There are 2 protein chains.
Amino acid sequence: MTEMKSWVSSANGDTDFPIQNLPYGVFDDGRGARMGVAIGAMILDLGAVDHGLDPALLAEPAWNRVMEAGPQVWAQLRARLTELLSDEGHRAAVEPHLVAQSKSRMLMPFRVAEYTDFYAGKHHATNVGTMFRGAENALPANWLSVPIGYNGRASSVVVSGTPVTRPWGQVKGPDEDLPRFSPSQRFDIELEFGAIVGQPSQGMVSVAQADEMIFGYVLLNDWSARDIQAWEYVPLGPFQAKATATTISPWIVTRAALEPFRVGTPERERPLLPYLREPRPMNYQIDLEVALRPKSGAEYVISRSDTAYLYYSAAQQLAHHTTSGCAMRVGDLLGSGTISGADKDSRGSLLELSWGGKEPLELPDGQTRSFVEDGDTLTLRGAAKGDGYRIGFGDCAGQVLPAVELPDWAQE
Amino acid sequence: MTEMKSWVSSANGDTDFPIQNLPYGVFDDGRGARMGVAIGAMILDLGAVDHGLDPALLAEPAWNRVMEAGPQVWAQLRARLTELLSDEGHRAAVEPHLVAQSKSRMLMPFRVAEYTDFYAGKHHATNVGTMFRGAENALPANWLSVPIGYNGRASSVVVSGTPVTRPWGQVKGPDEDLPRFSPSQRFDIELEFGAIVGQPSQGMVSVAQADEMIFGYVLLNDWSARDIQAWEYVPLGPFQAKATATTISPWIVTRAALEPFRVGTPERERPLLPYLREPRPMNYQIDLEVALRPKSGAEYVISRSDTAYLYYSAAQQLAHHTTSGCAMRVGDLLGSGTISGADKDSRGSLLELSWGGKEPLELPDGQTRSFVEDGDTLTLRGAAKGDGYRIGFGDCAGQVLPAVELPDWAQE
């Protein structure tokens, strides 16, 4: 694999998208939304080349139909794309259908059926628990046994580049008697890894079956209003605090491309129930980073983490999701939970990086950050590092805009 | 209105479906799934009559496209149906397209975009809180200010008549050190009222706007595994405990049909923030009942309640849902939360009726029930009582089947 090259020269250098990656997206270069494959600095316009798929699978600009077609079609397409983009013999036919990424806008790569967000970062759960309940009760009693999750809002999922408007909501300070309606003052990010369910299920599935159902992965930023969450979340969990936006990276990196980067989940402190045990490594080693760019100023990397910190793999989470008999559908999106490492500079949220605002983060230009400020652009990046290449995800970015003006009917 | 009659004779007597109702469903009489309107004991096969709609709105057997078409089309259709079914002059053309309900199977009336479940029954929240936290801390601190809700799982929503298989899940007794994987032993129902969002929104909407977005209502049984919920729900809320099934009644009763039955929400103990205040009555007075039929034996009404007990209307809940900027979509379903009254025999769940299993319910045939047993059929019914007629919803029923056998891979 390390020696495989593409005839697309930009795919062979410093790029997220070498021939080993071939991630799937939807792009618009001014001539309409189409399905595409990233290769170096370019996008292959899939529908314009001899892709070997049933054309009905490309009838709408979204990867759901290809997912529905199943693992055999996924393998055939990947083999065909590898051939088209590595074999010089295809160059003449294919090269006219490469479009520059710099001249294209990326759109949502798939229709999100439903969105579930998990809580599988042990350092994150411990940090948050320590802040809210003290170090002795940091991890909830169920955490080492259950891949805790909650249902998020699919309508809130947006593609990288979409601006995010600071939300309004009910908040109540510890010294206040009554709640106020206010723009969130503790608006935050969460560094997560998203798994896309590519095959449906009805009834319980094993971890091995769950792994086979996963089509690919994206980076995911679960924007979170901590002040709204603190007031609303007892007893039924986060709701409006998490419904403003969830940003995903534009390229679906396939499970096949990540195969060489599998690692096991961390050693268990408590044995898992049999239905959650992994028959083989189902986690991944992927370098992650979070960058913050103030409205005016340079970008600054505020955290570096790794998907290998996750205590539960997406396959384990998906298997757990089905225990109740819950039907899973093509296009379901599963967020991993915030991925924080052990060190302070590997924390995946500003809540943790600023320790609830008590230790504001200092940026090199002298600014400080406890939470996200208007105009800030937050970007997640990630790449699995191979021998001489990397499998990257592209930027998962969003700029925060000021809260809207309060409508008349919401004023006192 | 009270004097209006239909030429369909069964619509003028003891029926949920007089000419004043005209609810919308999807039926199959053996000749395929079609959109229909209930009238007395019959179903009008909508596509076969001169309905006046753009035929594209009937292109798939689901009411989503009619909803998308907007309030003006909703009003036109209702007026046209009233004319067709009340004016003798249309009888000859329309009567051949009536199908007996007894010879039809009802299907899901619409595609559920997303499903949100609220917690607006004050007696329910108080009862549950008293059981779990004691009488002094019964209501969560936020309850009188926030229409608390959580996102449910749209893929779990099924139409009345669909069997419900008892779920497996992680449970842990108070005296156990570690959780077990077990069929739920505390499987329960929740008597709820469901609102269907018929128009989309992007950004905050007022309570008045939210009310206008609602297309209609159904009865809703939010099946709940109390033992799974008790172990999983801290800190992110219910997840697999609520993902087995949510049963809805098959007929969408329109907002227009319920207009005469509007009542205000109960008096406030704490003033609401302006964005939640109702400009006019937006709750409804609808008699509700829950019936239990053991596998062998007669049906027994175990609870009688009323939607008027709800502390927040669906319009208030929907307005709250949008505060974060959360986009709402056509086909979103909002559960009200369990509707319990003040008296013991008006409680809307077995958890409350049996007080957590401590006071099992005695059925007339000598059986007792703390929670739902295999083979039991639970049926919700509801009707708004007018002068000489009633606006009913039809049965919202489901029979509980035994848990599936544990697959090999889940065994020790």
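Glycine residues also receive a Cβ, built from the backbone N, Cα and C atoms like all the rest.
Keep in mind that TrEMBL annotations are predicted by a computer and have not been checked by a curator.
What TrEMBL annotates here:
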{"type": "DOMAIN", "residues": "B:20-109", "note": "domain 'Fumarylacetoacetase N-terminal'"}
{"type": "DOMAIN", "residues": "B:116-400", "note": "domain 'Fumarylacetoacetase-like C-terminal'"}
{"type": "BINDING", "residues": "B:Asp117, B:Glu190, B:Glu192, B:Asp222", "note": "Ca(2+) binding site"}
{"type": "BINDING", "residues": "B:Tyr119, B:Arg133, B:Gln229, B:Tyr233, B:Thr338", "note": "substrate binding site"}
{"type": "ACT_SITE", "residues": "B:His124", "note": "active site, proton acceptor"}
{"type": "BINDING", "residues": "B:Asp222, B:Lys242, B:Thr246", "note": "Mg(2+) binding site"}
The DSSP breakdown of the domain 'Fumarylacetoacetase N-terminal' (B:20-109) into helix, strand and coil residues is 42 helix, 22 strand, 26 coil
Three-state secondary structure, which DSSP defines for B:Thr338 (substrate binding site):
coil
Rounded to the nearest Å, what's the C-alpha distance separating B:Lys242 (Mg(2+) binding site) and B:Glu192 (Ca(2+) binding site)? Just drop the number here, would you?
14
Given the recorded positions B:His124, B:Arg133, B:Tyr233, B:Thr338, find the one whose Cα is closest in space to the Cα of B:Glu192 (Ca(2+) binding site).
B:Thr338
Please work out which residue of B:Gln229, B:Thr246, B:Thr338 has the most C-beta neighbours within 10 angstroms of its C-beta, and give that one of the binding-site residues.
B:Thr338
Which is it, of B:His124, B:Arg133, B:Lys242: the one of these recorded positions whose Cβ has the most other Cβ atoms within 10 Å?
B:Lys242
Those binding-site residues in B:Arg133, B:Asp222, B:Gln229 passing the chain A Cβ proximity test, under 8 Å, are none
Name the secondary structure element type, per DSSP in three states, that contains B:Arg133 (substrate binding site).
helix
Inside 10 Å of the Cβ of B:Glu190 (Ca(2+) binding site), count up the other Cβ atoms and send me the figure.
27
For B:Glu192 (Ca(2+) binding site), just count the other CB atoms lying within 10 A of its CB, please.
30
Nearest to B:Asp117 (Ca(2+) binding site) by C-alpha distance, among the recorded positions B:His124, B:Arg133, B:Tyr233, B:Thr338, is B:Thr338
Just the number: how many Å between the Cα atoms of B:Arg133 (substrate binding site) and B:His124 (active site, proton acceptor)?
14
Can you grab the distance from B:Glu190 (Ca(2+) binding site) over to B:Thr246 (Mg(2+) binding site)? Cα atoms, rounded to a whole Å.
9
Could you measure between B:Thr338 (substrate binding site) and B:His124 (active site, proton acceptor) for me? Cα positions, answer in whole angstrom.
6
Which of the three DSSP-derived classes (helix, strand, coil) applies to B:Glu190 (Ca(2+) binding site)?
coil
Based on Cα coordinates, which of the following recorded positions are within 10 Å of B:Asp222 (Ca(2+) binding site): B:Tyr119, B:His124, B:Gln229, B:Thr246?
B:Thr246
How many neighbouring Cβ atoms, not counting its own, are there within 10 Å of the Cβ of B:Asp222 (Ca(2+) binding site)?
28
Which whole-number value in Å describes the distance between the Cα atoms of B:Gln229 (substrate binding site) and B:Thr246 (Mg(2+) binding site)?
15
